[in-house]
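Participant: Provided herewith is a single structure, encoded as structure tokens, for subsequent inquiry.
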Amino acid sequence: MSSSNQNLAIAANAIDITAPESTIPNKSKVPNKSAESSQSTVPKAPSRREIRAQAQAFIDTLAPLQHTNSQKVYLEGSSADIRVGMRQILQTDTLVGGTDDAPIMEKNPPIRVYDCAGPYSDPEADINVRLGLVKLRQNWILARKDTEQLPCATSDFTQQRLADDGLDHLRFEAGSSAIVRPRRALQGKRVSQLHYARQGIITPEMEYVAIRENMALAEVQDEILNRKAKGEAFGALVGEPITAEFVRAEVARGRAIIPLNINHPEAEPMIIGRNFLVKVNANIGNSAVTSSIEEEVEKLVWSTRWGADTVMDLSTGRYIHETREWIIRNSPVPIGTVPIYQALEKVNGVAEDLTWEVFRDTLIEQAEQGVDYFTIHAGVLLRYVPMTAKRVTGIVSRGGSIMAKWCLSHHKENFLYSHFREICELCVAYDVSLSLGDGMRPGSIADANDAAQFAELETLGELVKIAWEYDVQTIIEGPGHIPMQLIKENMDKQLAHCGEAPFYTLGPQITDIAPGYDHFTSGIGAAMIAWYGCAMLCYVTPKEHLGLPNKQDVKQGLIAYKIAAHAADVAKGHPSAQIRDNALAKARFEFRWEDQYNLGLDPETARAYHDESLPQESAKVAHFCSMCGPKFCSMKITQDVRAYAAGLEAAQTKAEQVEAAAQAMQVTIKTPQELEAAMALKSAQFAASGAEIYQVIDKHVKDKLVAEAEEA
């Protein structure tokens, strides 16, 4: 899933990941331009050289990094090699009574949350990007005995790259003679998770997914944490804990996919489907003018830290092949690509010169490297292109426009459509999933839900059924720019035409008036369509339609989309979704500031915002914030509640005290004048008692109040 400028494409000129120190700028040699820019109020952007140096330093010093007060924990499955990593957020205790010298504290349980960072959040992990991550799934793949290791890569292009000595300094495992040898299904075998699921086999990957989706729900015993409102799932099957059998059944039905190429054993199993947690994709990649391999590895790690469930490498520069190898070997999440981008590079950017042979070799090249899913724009048919003529924004999908131009220049049917069965045969040999691209998606709300968009959607529905014939896991891509009132129609039509295959959308963006804030405008649409049933959301950054995003833009886009995905999970009634909300709400009510930060999606920003206005250490435990101050904080009533509870007589229950107080207030009012007098009396009594909302009422006070009320 990509947009015309969403490619995080950031540089590719000569990208030596093992570059000598001389390639990193020496601060003493950098000209001092402060005098020249002293009048400017705009901070000077770092140079390309500085950005690359920063990225080089990042990967040279890369070590596991965990959020404050969080731990990496593992839950074991049925065998010791099924270890599912999660992030455990530790909480502080709650004050429930006692005195300053002898406080009575109540333990708050740790909260376990989904963790996309893999080894990058495990302090015990040994991280070395030049060696790649541990091959988590290697033994599972070998145990099935349905694949073979090839003597060498079979792609013509890969062989050409390997024969080019000038690229040695760029290769993964640079300086080593070791070459990653790909695997492929044995002749006549199918090795997809869909194939196994249809055979009734629960794979280790399926068991892993079930444990991961539940997030240790069974261990949560706290009544407050387990509270949740009834969800509205629009026909989705949520609300019960996930089992491995349920995962198998959903994959077998085609309603979910587990995108895991057999040549990407480093990836941790995850699932995409509307009956599971909503997932978020982030885009990275180099281009002909910006970025380096170092930067792309840095962005990969950064994206997983902030919650990217999958990452798409949308590289378009000279070193696509080498960049992708580094990314895959260091990625704990599935990697997707748009193969037509690289195929276009191979024909020097001339769409008319594309051929099936060039594209097929590109698929083999990427499948043997370990790409987990391909976006294929096979639904852009020749007869659909004229339907876009009256659009405000025409064809905005890069892949869609490439194939539209090819179709028109040759006046032939899209070769991706014509050769779709061959594509499926190739994919199932590596368990590469297909993401059927929406080349006709609208690029403005003025073009939403038009004939071209829905004609392509119907074709994608035909193609998904063909893919299922070959046991190829498949998802459907969707828009785009859709106003709020038209979003549900998109989801309904996708479910109807595509057999409930998972939906994967870019947004949708619900208005076109906010450049610079499209992570908001699209995040709203993303939350809505995810609630209606969309399984995965492709993030949008603040730079959408404006430029290439930097690291902070990537973080902003991911946070916006994690909010959208989580909001949909809560609305659908996913069994474990609301636990984190409840924990944070309880921490907020109890003024446990550090827990509030740590339970949030972005602890760093939350902490910084609080400290910006109240930086003193005492403010870290204060029972107010700068919004209302100590006198007007609505949540300060928690102190009154505690005082009320502590002052109750030991012989009586809280319920008895409330009932006694209620009975004491029952007086007979006969006239408006009596009512006014009684209200005035109660006002005076409230002020005289200290003007506290919650007060202790013992028997003597009760009797006095009753007497005063009767006298009045």
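Note: Cβ is positioned from N, Cα and C throughout, glycine not excepted.
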Participant: Looking at Swiss-Prot, which one out of E250, E462, E469, E477 binds substrate in the same site as N283, M312, Y341, H377, S397, R398, G399, D438, G439, M440, R441, Y504?
Facilitator: E477
Participant: Which state, by DSSP, holds Y341 (substrate binding site): helix, strand or coil?
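Facilitator: Reduced to three states, the DSSP call for Y341 (substrate binding site) is helix.
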Participant: Let's check the environment of Y341 (substrate binding site): how many other CB atoms sit within 10 Å of its CB?
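Facilitator: Excluding its own Cβ, Y341 (substrate binding site) sees 22 Cβ atoms within 10 Å.
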Participant: Between S397 (substrate binding site) and H481 (Zn(2+) binding site), what C-alpha distance do you get in Å?
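Facilitator: Rounded to the nearest whole number, the Cα-Cα distance is 12 Å.
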Participant: At the Cα level, what's the spacing in Å between Y341 (substrate binding site) and H545 (Zn(2+) binding site), rounded?
Facilitator: 19
Participant: Per the record, substrate is bound by N283, M312, Y341, H377, S397, R398, G399, D438, G439, M440, R441, E477, Y504: how many Å separate the farthest pair of Cα atoms?
Facilitator: 20
Participant: Using a Cβ-Cβ cut-off under 8 angstroms and a sequence gap of six or more, which residues of the chain neighbour G439 (substrate binding site)?
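Facilitator: The answer is H377, G379, V380, I395, S397, G399, G400, S401, M403, A404, E456.
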